[in-house]
Structure formats: structure tokens, C-alpha cells
């Protein structure tokens with residue numbers, strides 16, 4: 001490619017008709033899944049004041065795109081859909097239902113190191129419940145995302161779930177300074193990418209003793225598949241530490257609610273921390289057992305302090321949410337051969353005689369008005385070229401009207417996949433096309 005040719009920025013992508021059509025189909029399935037759970041749509045702007053977004057993401061904040069606009073205002077492109085929701089709720093809470101259940105689907109921007117499934121512009125599909133501390137809200141957010149993934153054809157979704165208060169309580173029990181909690185959580189979030197051995201070394205370098213690191217991981221190995229087992233494993237420590245007792249209790253309630261909703265493919269993973277600083281309780285990720293090294297395709301958790309932080313007040317407004325990273329998901333679906341790139345057009349009306357253009361226009365218009373996605377070949381050309389055009393667009397059916405068809409009052413239909421060809425009366429064309437799709 002010439003150095004003078006226009007190039008795409010690294011980490012950004014174009015989507016041609018095939019891929020864009022598949023994305024739209026997926027997004028529509030996700031939207032319907034979210035609405036079945038009672039979530040209502042909303043949208044916020046791409047740009048926010050920089051001060052609205054900063055101070056919310058911890059170490060991840062360095063990945064934010066920010067600049068001064070023409071008016072000299074410090075602005076930033078949204079890093080996720082959650083902090084803009086917090087700003088929206090703060091300014092509109094008097095008019096919103098309580099609790100407020102919303103979904104949002106839109107692009108976000110992060111200056112990440114690009115790799116497979118990691119991009120600098122990507123779509124998130126979020127559900128959130130604001131104004132409720134009920135475990136049902138946590139479970140319902142998880143269940144809505146799980147249902148959406150199932151609707152997309154994924155059958156091997158595993159839910160990893162934890163509560164950050166459990167980790168915080170364990171750190172207090174083993175004598176780790178509370179000021180180190182945030183950094184410990186960030187290091188634990190690196191386990192999947194860097195491994196336990198590396199993370200243990202990082203924790204020691206950060207000031208934890210080797211004994212504390214050993215004790216931490218010994219406790220984090222304790223787990224259970226149901227709430228009673230979880231409580232039994234930590235029964236003594238729950239009496240000693242408030243955060244641990246609250247975390248185990250909250251996680252148990254969420255597990256019970258998930259079970260009540262018929263969601264049972266979860267595993268309690270006490271090492272799960274999630275990377276963003278604003279999580280305060282439940283944290284969750286979803287992975288595919290068929291792609292164990294791919295990483296998470298969805299995640300989220302409870303963030304009870306974020307909205308108060310954004311508003312600048314001391315009021316704590318409970319909130320919980322989950323998000324699907326649609327672009328990572330598409331890469332996973334491609335790896336599993338579960339995504340289809342089909343045409344959005346059902347029919348091509350051939351143009352074989354310029355004197356009959358009025359007839360062709362009438363036919364394609366009738367099909368469109370009847371709800372069929374129909375295209376018309378613009379100019380009179382060889383029939384081979386028109387077949388090639390139809391094949392290039394993956395069109396299912398060809399409608400052919402030549403001199404013989406007009407004389408007989410019929411239309412020829414050809415299935416371009418099977419090459420089967422048949423004729424019908426002109427006034428039965430729409431009915432026959434719909435039957436054949």
C-alpha cells in the first residue's frame with residue numbers, strides 16, 4: 001500500500017455490509033433479551049466533561065481519550081457506559097422510576113494495546129439497576145446477560161462470581177493495611193493474564209509479606225457451589241470480620257436468587273476481583289468453556305458509591321450492572337463458527353430489456369411494499385453479469401421477466417443456492433416469494 005493511501009487507525013475497524021448486517025442481527029437479539037427482563041433503553045452522548053469521567057476508573061484512567069474542544073473545554077470520550085449513566089441519574093433522578101432499570105448499547109473508546117479481541121473502539125451492551133440494594137437486582141442483571149448470550153446461540157457460558165467484600169475481609173483478617181486493598185484487587189485482576197505465580201511476586205513487591213500472600217491465596221482457594229457451603233467454609237471468620245460476613249451473606253443471597261431464576265451454570269471464584277475501582281460488592285464475569293484462554297465476554301458488578309461520587313455528594317445510591325463486549329463476543333462466535341454473514345437482500349429483479357424498465361420498477365416496488373427486501377439491477381446487462389452480482393451479494397432469489405414471461409403473464413423465479421427454477425402467475429409473485437424465503 002502506498003504511504004499516501006488513506007489508512008485506518010490501529011485498533012479501529014471498518015464493517016462492510018456482511019459484518020455490519022451480522023452485528024445488527026446480534027444487537028437486535030440482545031435488545032429483545034434485555035427488554036424481556038424489564039430494562040428500558042437510554043443513551044448518553046459520546047463526549048462528557050473530562051472531570052465527570054476522571055477519578056472513577058483507577059489505573060485504567062490512563063486509557064481514556066481526552067482533549068480540549070474548540071471552546072477550550074476539557075472533554076473526554078466515554079470509557080464505558082456506566083459513569084455516563086451515573087451522571088444521567090444524578091441530573092434526572094427526581095423524574096425516574098425507583099428502582100431505575102435501563103439498558104444501553106453503544107460504542108466506547110479506550111487507548112488499549114490492541115490484540116485479538118481487544119480494540120480501541122468497541123460496542124458495549126449494558127444492563128443496570130439503580131436505586132436497589134436487593135440481591136435480586138444483582139441476579140437479574142446477571143440473568144439478563146446470560147439469557148442474551150443464550151439467545152445468540154452460546155451454550156457453554158460459565159458465570160464466575162464473587163463479592164469484593166470477601167477479599168477485603170480476608171485482607172483485614174490476615175493483617176494487610178487497608179490502604180493496600182485497592183492495589184491488591186488490581187493485582188488479583190491480573191491472575192488470568194499473568195498467572196498466580198507472577199501476581200504473588202507483585203503482591204510481595206507491593207509490601208505484603210510472603211506469609212500474608214500465602215494466607216491470602218489459601219483463603220481464596222476456599223469455595224463452594226451453593227450458599228450454605230460457602231457459609232460453612234467461612235463460618236468462624238464471619239464471626240470475626242464484618243466485611244467478610246457481609247460479603248458472604250450478599251453473595252449467598254445472589255446465588256439463591258440466581259438459582260430461583262433457573263441460572264445454575266456458575267462457579268464461585270474468590271480470586272475474581274475485576275479491574276475497575278468503582279466496584280463495591282458483587283463482581284461477575286462470563287467465560288466460554290469451549291474457549292478457556294479467550295478471557296471474559298461479559299462482566300460487571302455492584303457499584304454503590306459511584307453515583308454519589310459523580311454527583312459530588314455523600315449520598316450512597318445502590319447500583320449494579322453487567323455488560324457484554326459485543327466485539328470480543330463476535331471474535332469468539334467466529335472462532336466457534338456460530339456467526340452467519342447473510343445478505344440483507346432476499347430478491348434481485350433482473351433487468352433484461354431497457355424498454356421494460358417500467359415493468360421491472362413496478363415489480364420491485366410491489367415486493368418492497370409487501371415487506372420483501374428486494375433489489376433491482378440498474379442497467380440492462382448480460383444475464384451472466386446479473387447472476388454474478390446476485391452471488392456477490394448472497395441474494396437468495398432471482399426474479400426474471402423476459403419477452404416470453406410477459407407474453408404468458410408469468411414471472412420466473414430462480415433459487416440461487418439450489419439453482420432450482422420455476423414460474424408463477426404475475427399476480428402470485430409476492431405470495432410465492434414469501435413462501436420461498
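Even glycines carry a Cβ here, placed using N, Cα and C.
Any TrEMBL annotation is an automated prediction that lacks curation.
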*Candidate sharing the L-histidine site with 80, 81, 82, 124, 128, 274, 278, 279 (per TrEMBL), from 66, 110, 236*: 110
*When you measure from the Cβ of residue 279 (L-histidine binding site), which residues in the chain that are at least 6 apart have a Cβ under 8 Å away?*
164, 301, 302, 303
*Three-state secondary structure of residue 82 (L-histidine binding site) from DSSP?*
helix
_CB contacts for residue 124 (L-histidine binding site) [other CB atoms within 10 A, all chains]_ = 19
*asked:* Measuring Cα to Cα across 80, 81, 82, 110, 124, 128, 274, 278, 279, which the record gives as the L-histidine binders, how far apart are the two most distant ones in Å?
replied: 21
*Would you report the average pLDDT that the model assigns to the domain 'Aminoacyl-transfer RNA synthetases class-II family profile' (1-342)?*
91
*Which residues does residue 274 (L-histidine binding site) neighbour through Cβ under 8 Å, counting only same-chain ones at least six apart?*
164, 185, 189, 283, 285, 299, 300, 301
